[in-house]
Amino acid sequence: MSGISPSSSGLLPMPGAPSSSWSAYKARVAALLGHHDTKVVVAFWLFGLINNVLYVIILSAAQDLVGSLPKGVVLLADVVPSFLTKLIAPYFIHRIPYRTRILIFIALSAAGMLMVALTPATQSVAIKLVGVILASISAGGGELSFLGLTHFYGPMSLAGWGSGTGAAGLVGAGLYVMFTDWWGLSVRSSLLISACFPAIMFLSFFVILPLGPLREGTRKDYDAIPDLEDEDVNHMDQGTASSALLAPGPSVASTAYSARNNQESLTVRDRMNKVKKLFVPYMMPLLLVYVAEYTINQGVAPTLLFPLEESPFDEFRAFYPFYGFLYQLGVFISRSSTPWIRIHHLYLPSMLQIANLVLLTLHAMYFFLPSVYVVFIIVFWEGLLGGGVYVNCFAEIMENVPAEDREFSLGATTVSDSGGISIAGLLSIVMETKLCNYQVAHGRDWCQRISAQGQ
């Protein structure tokens, strides 16, 4: 039995122990919340949550925004601008300070959600889609910026970001179901509430996140200081390097910014060559898993309907948001798992996701799965696979890519998820229509009984 006391170990005292008291608990929790590492994890968790939650809410609201139009239309408006942002921005965004980027992202996302919420149902869907596009640009720029920022804060920041993005899916889909189905709020009211969320990003960056590593970037001299020589960094194994970044002190921050300073001198051709090296090990499996899962979500899921008397729902429009909730629950669990479970072979879960797409497409056509609850399990499994590939892809980059290339690589690889979703959006527009027509032709007209909810 160790003789280390709770107070010296940082653990909370056991209830009933002599050292336990309400004041002791409060003091210990306050110390934990004030710790540098805790602030980093909380800040990046909130970055991931807020940057992605509006995207999820928009997709959850797709059926109510466009009614009988293919949901892939909303998916494309929600993803293509983000994809183009991620495709172009890595070559110049390093010139924009992180503080300025945060303010831009907040303004774009809030304006986009207000435009979607305040556009009357009687007006053109195109106006709503413009608002979706603004939010998409913000999300794309935010993702590549925050993932690049994890380079300076280490593995725990990536764990916080991954868990936050997973929580965004769960919170976004869950909130929309709660607002519209449980509380009976209109779509407009639900989206207006959502437009307030970007303010949390401001608090996360300017209040919670320790800005010491960023302030180091204002120095003109980025040479590593004597207690951490360049030679030491170059010969340090990746696991040790990652651990050293766990709680970046001045020397680690200086080294990180030295690498960034070297990267800023690279030409566009140099950066494109670096992207080519990322494609097969990291970008391709991420692309494949996103093509498969978002084709399921937007092209197949709207047609995965059952007779209402055999389901827990009162109307057909309730299937789609609940599928989204289960999917996002799986994503949240798997994106929060990297401290305990690591996936090094990224192609295996990608292939399993493609198998899910084939299975659910066949069921949409031939209706052979015995219960909607079986579909619930498959959709949850789909979320586990998708979230696992996402967070483990960036964890592999953080471990295996040299420090001088890491910030750029983390940001550049984000183009794969948006690229995959864009491809899925195009496929979904065709697949949803074809599957619905096939079902109607074979005596199942449930997909035609869904209309947009009044705002």
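Backbone N, Cα and C define each Cβ position, glycine as well.
Because the structure is a prediction, the values reported are computed rather than measured.
As annotated by Swiss-Prot, transmembrane segment applies to 40-60 (among others). Sequence-distant contacts of the transmembrane segment (40-60), counting only residues of its own chain at least 6 positions beyond either end whose CB sits under 8 Å from a CB of the stretch, comprise 33, 71, 74-75, 78, 82, 105, 109, 112-113, 116, 132, 135-136, 138-139, 142-143, 146, 149-150, 153-154, 156-169, 171-173, 175-177, 190-191, 194, 197-198, 200-201, 203-205, 208-210, 247, 297-298, 321, 324, 328.
Residues or ranges marked as transmembrane segment in Swiss-Prot (evidence: sequence analysis): 73-93 (among others).
Taken from Swiss-Prot, the feature transmembrane segment covers 102-122 (among others), and the record attributes it to sequence analysis. Residues 51, 54, 58, 65, 96, 128, 130-139, 141-142, 145, 188, 191-192, 194-196, 198-199, 201-202, 205-206, 452, 454-455 of the same chain, all 6+ positions outside the transmembrane segment (102-122), place their C-beta atoms under 8 angstroms from a C-beta of that stretch.
The transmembrane segment annotation in Swiss-Prot covers 129-149 (among others).
The list of residues near the transmembrane segment (159-179) in space but at least 6 beyond its ends in sequence, with Cβ under 8 angstroms from a Cβ of it, reads 40-57, 60-61, 146-147, 150, 185, 189-190, 193-194, 321-322, 324-325, 327-329, 331-336, 338-339, 383, 387, 390-391, 394-395. Annotation source Swiss-Prot lists transmembrane segment at 159-179 (among others), citing sequence analysis.
The transmembrane segment feature in Swiss-Prot is assigned to 191-211 (among others). Non-local neighbours of the transmembrane segment (191-211) in the same chain are 36, 39-40, 42-44, 46-47, 49-51, 53-54, 57, 61, 98-99, 102-103, 105-106, 109-110, 113-114, 116-118, 138, 142, 175, 179, 185; each lies 6+ residues outside the stretch with a CB under 8 Å from one of its CB atoms.
For 286-306 (among others), the entry in Swiss-Prot reads transmembrane segment, with the evidence type sequence analysis.
Summarising the annotation, Swiss-Prot assigns transmembrane segment to 313-333 (among others).
Residues or ranges marked as transmembrane segment by Swiss-Prot: 346-366 (among others).
With a cut-off of 8 Å between Cβ atoms, the residues of this chain six or more beyond the transmembrane segment (367-387) that come close are 162, 166, 169, 289-290, 293, 296, 301, 304, 306, 310-312, 319, 323, 326-335, 349-350, 352-353, 356, 359-360, 444. Feature annotation from Swiss-Prot assigns transmembrane segment to 367-387 (among others); the stated evidence is sequence analysis.
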> Counting only residues 6+ away from its ends, which parts of the chain sit with a Cβ under 8 Å from the transmembrane segment (129-149)?
Replying inline: 44, 47-48, 51-52, 54-55, 58, 73-74, 77-86, 89-90, 93-94, 98, 101, 104-106, 108-109, 111-117, 119, 157-158, 161, 198, 201, 394, 407-408, 410-414, 418
> Is the transmembrane segment (286-306) packed against any residues at least 6 beyond its ends, judged by a Cβ distance under 8 Å, and which are they?
Replying inline: 59, 62-63, 70-72, 74-75, 316, 319-320, 323-324, 327, 346-347, 349-351, 353-354, 356-357, 360-361, 363-364, 371-372, 375, 379, 382-383, 385-386, 389-390, 393, 413, 416-417, 419-421, 423-425, 427-432, 435-436, 439, 444, 446-447, 450
> Any residues 6+ beyond the ends of the transmembrane segment (313-333) with a Cβ under 8 Å from its own?
Replying inline: 56, 59-60, 62-64, 71, 163, 165-170, 172-174, 176-177, 180-181, 293, 297, 301-302, 304-306, 372, 375-376, 379-387, 390, 446-447, 449-451, 453
